[in-house]
Amino acid sequence: MSAVTTPARQASGGVNVKTVNRIVIYGLLALFAVFYLMPLFVMLVTSFKTMDEIQNGNMLALPRAPTFDPWLKAWGETCVGLTCAGIKGYFWNSIKMVVPAVLISTMLGALNGYVLTKWRFRGATLVFGLMLFACFIPFQSVLLPMATILGSVGRFGVTLQNSIGTSFGLGNSTVNLVFVHVVYGIGFTTLFFRNYYEAFPTELVKAAQVDGASFFQIFRRIMLPNSMPIFVVTVIYQFTNIWNDFLFASAYAGTGDAMPMTVALNNVVNTSTGVVEYNVNMAAAMIAALPTLLVYVLAGRYFVRGLMAGAVKG
Amino acid sequence: MSTVATSQIKLTPEHARPRASVRSRLQDALPKIVLAPSFAITIVFVYGFILWTIYLSFTNSKTFPSYVITGSRAYQRLWGWTFDTDPPSSWYTSITNMGIFGFLYILICLALGLFLAILLDQKIRGEGMLRPIYLYPMALSFIVTGVAWKWFLDPGLGLEQTLHQWGWTSFHFDWIKNKDFVIYTVVIAGVWQASGFIMAMFLAGLRGIDGEIMKAAQIDGATTFQLYRRIVIPLLRPIFLSAFIVLAHLAIKSYDLVVALTSGGPGGSAWLPSNFMYEYTFKRNEMAVGSASAVIMLMTIVAIIVPYLYSELREKPR
């Protein structure tokens, strides 16, 4: 332990041992840093190389003549399935799906957390337990019924479209995905807000009640202004999870125009027609990773806190 | 108003109650009304759908769901496949892979996470820089992780090629193309992604340990190794439990990583039960078998999570 060094050890040449220890520790830490950075580094340098350089050069070498072409090609030209218009459309699909899904699930979570902590009723723990368990189910166990329901809703949407001229978004894959992510996300958002509001002084709520404030007034005037940190944590957590989702995306929007980014990326990489353009693949992967990486870089502290809150209940 | 304000209500005279208007009764019910949609959604789309899946697993649904109960044929087939080792059935491969992947993934993540956390806890200069480096993979999609490692492990392009160029021509590493070893590449990529997070959990735990205990032990002449083995690690027990739950849960749900990294591996040799379920349900038109496998996955999670949640929610009665 470096924190406390007993005098006895220092006297017997401990300083030397200590130096060696420090070198070993820093060496190991640096080695692991390389391990974690390597794939990202390789992905990044490859995305700036020409195909020629990839085939003849070294994976770890920096690009000799950095080119931005693979990025442009991935964004605007590469083939996803049979459509060759780049991944930009799918990137926007993901945005269109993520933003409403995150906002709705977060708002619901905040309200649920507020009710479950400040307006407790008989059976509240059971309700929370049931919602909490829903976070942990393998989604395979609901995948098929949801597909069936979404299929029926889609057919109903077509009927509406034919009879009254609008389907109200029923059967639209993006709407479907927003719905699915809200349904299977409220467990987590409720958990986050419940744990946060649990520590929030109930006296304040009581005092406001005595003064005649209503349920929603208390929520808006007292709870919300004090919830900024947990909002950031929840939004980041939901954003990362929904952006990165692949299972729901491939099951409910695996083909067609509404495909989200993750599915499109998988299609780009696993296309077997023609020459495999590794630099374009890597650029596409980088583009898919950028939004969540950006969030991580900008708000890493909150990101970690969200993961922890998801892991340590109580 | 139901629970919070009971003490105030006691002061109001009895005759006030019958006059409670519809409006105030609505106010009283409002919290429950607000919570109801979320709860209803959970009941229908989680628990209802689970029952639906269980129901389907007892039918003979193929391409389309059928609702005639035909008994446990799907489970019998899975059970039969469990012992079909030569040639291995897809189910046998999936559950064997689950065992290998689950065991190694959890074990290595725990060991590596604890190790890195202990190293980082030695008053390291630059900790603020190292921590995010270890942790960032957790922000990536499994698909991105899969793409990156697929490239890195490809014998013709990645590590093997690089070492050949550096003169180590006998180096051979083709696990990703080898049906017996492909699952270990999934372990490598999975550990890369999650171990940093486990490190962060352990680090938070280490920071929460009372420094006085450590000092006392050192004054008593404990070596660093003894200190950690006898005192620190036992104190981290709750973190081990949480980390185990997180990892077990991630492991059973893993699906994307196998798809992106190996496309299922040569002949489906990298499948996990999640991939088995997806393929049988949506591609091989064996809906009943797919549902049965989903039920088995769910039961595995239930066996791990329910006791944990139960103790977590019960310990602190409020």
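A Cβ is built for glycine as well, from the same backbone N, Cα and C atoms used for every other residue.
Annotated in TrEMBL:
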- B:95-310: domain 'ABC transmembrane type-1' (DOMAIN)
- B:33-55: transmembrane segment (TRANSMEM)
- B:98-121: transmembrane segment (TRANSMEM)
- B:133-152: transmembrane segment (TRANSMEM)
- B:181-206: transmembrane segment (TRANSMEM)
- B:227-252: transmembrane segment (TRANSMEM)
- B:287-310: transmembrane segment (TRANSMEM)
Stretch among B:33-55, B:98-121, B:133-152, B:227-252, B:287-310 sharing the most Cβ pairs under 8 Å with the transmembrane segment (B:181-206): B:98-121
Recorded stretch, among B:33-55, B:133-152, B:227-252, B:287-310, maximising Cβ pairs under 8 Å relative to the transmembrane segment (B:98-121): B:227-252
Spatial neighbours of the transmembrane segment (B:227-252) far in sequence, C-beta under 8 Å, 6+ residues away: 98, 101-102, 105-106, 109-110, 113-114, 118, 190, 194, 197-198, 201-202, 204-206, 209, 213-214, 217-218, 273-274, 297, 300-301, 304-305, 308
